[in-house]
Ligand code: RIB
């Protein structure tokens, strides 16, 4: 049983699949266009929602605009068992990500719209909700000020926070002392720690800094040794949202008392399954789908 709160972006992903990337001033033909739910915050919430059972609670705090995208995105959150009592509507366009899918990998331009309006300024009930959470999850598609205020509050009230510094920004460093887990990918870790070598950065944050390395898995320092959790080889269809699936599954496992290493293995399996289908949320597994995989471990029991 867990109560997890994700605060972050809710966006519509406009995905163009192409065999050619245009040069400046050039027009090329795409293969296929799709609109699918996305936004790093919503993706992470959905990843947790899919793994959850009826005793778990997943809340999303965020904002959508007043447009047709908002309706579809809210419906999608509801279908994935996310409590949306704290998702606001603001007079803006809903967040949008323009995604180019080329050679099974993505390039993203993100326009925050309503997501930029997520702010703690008028919060009352939200603070009470946070105080009673098992875990709070943050990423970087809402403002730094909002993230910082939440991280400081959670730190003061001893509520654990996973901070996924994606996309990287210069101010990320200010949050680190207030959060419990930091989950950059390799590129984001270089941005965050000004090109320090990996061993030095991991050792500076024992049991706290987890660097994801794509096909090489993930690494953290447990206080004695640097531990690497290998990735599982996948038939990749689309890597979009793999990091969000990883963070969502990690949150679910940690909130349910798995050790860091075991939670990382659980998250690795979830992201292995997610990249085998199209769309950020398309391949996010349910717990039943996880259990069908031979890499599922007996000790992963969830009440
Ligand atoms: O992490 C993937 C997500 O980031 C996409 O769903 C898109 O919304 C982008 O901002």
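Cβ coordinates come from backbone N, Cα and C, glycine included.
Noted in TrEMBL for the protein shown:
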- 1-286: domain 'Carbohydrate kinase PfkB' (DOMAIN)
- 185, 212, 213, 214, 215, 216, 217, 243, 244: ATP binding site (BINDING)
- 238, 240, 274, 277, 279: K(+) binding site (BINDING)
- 244: active site, proton acceptor (ACT_SITE)
Task: Near-site residues: K(+), ref 238, 240, 274, 277, 279, CB cutoff 8 A to centroid - done: 237, 239, 241, 242, 275, 276, 278, 280, 281, 282, 283
TODO: Filter the binding-site residues 238, 240, 244, 274 down to those with CB closer than 6 A to an atom of ligand 1; keep them in sequence order.
DONE: 240, 244
- [ ] Give the distance between the Cα atoms of residue 217 (ATP binding site) and residue 279 (K(+) binding site), rounded to the nearest whole Å.
- [x] 21
Task: Cβ-based isolation winner (fewest other Cβ atoms within 10 Å) among the binding-site residues 215, 238, 244 - done: 215
TODO: Please classify the secondary structure at residue 217 (ATP binding site) using three-state DSSP.
DONE: coil
- [ ] May I ask you to report the DSSP-based helix, strand or coil state of residue 279 (K(+) binding site)?
- [x] coil
Task: Euclidean distance between Cα atoms of residue 238 (K(+) binding site) and residue 213 (ATP binding site), Å - done: 17
Open item on the list: A 10 Å Cβ contact count, applied to the binding-site residues 185, 240, 274: which residue has the minimum?
Closed with: 185
Task: When distances run from the Cα of residue 274 (K(+) binding site) to each of the binding-site residues 185, 215, 244, the nearest one - done: 244
- [ ] Compute the C-alpha separation of residue 240 (K(+) binding site) from residue 215 (ATP binding site), stating it in Å without decimals.
- [x] 14
TODO: Return the residues near residue 279 (K(+) binding site), defined as same-chain residues 6+ apart in sequence whose C-beta is under 8 angstroms from its C-beta, sorted by sequence, else 'none'.
DONE: 13, 15, 34, 36, 37, 38, 238, 240, 241
Task: Integer Å distance between the CA atoms belonging to residue 277 (K(+) binding site) and residue 185 (ATP binding site) - done: 21
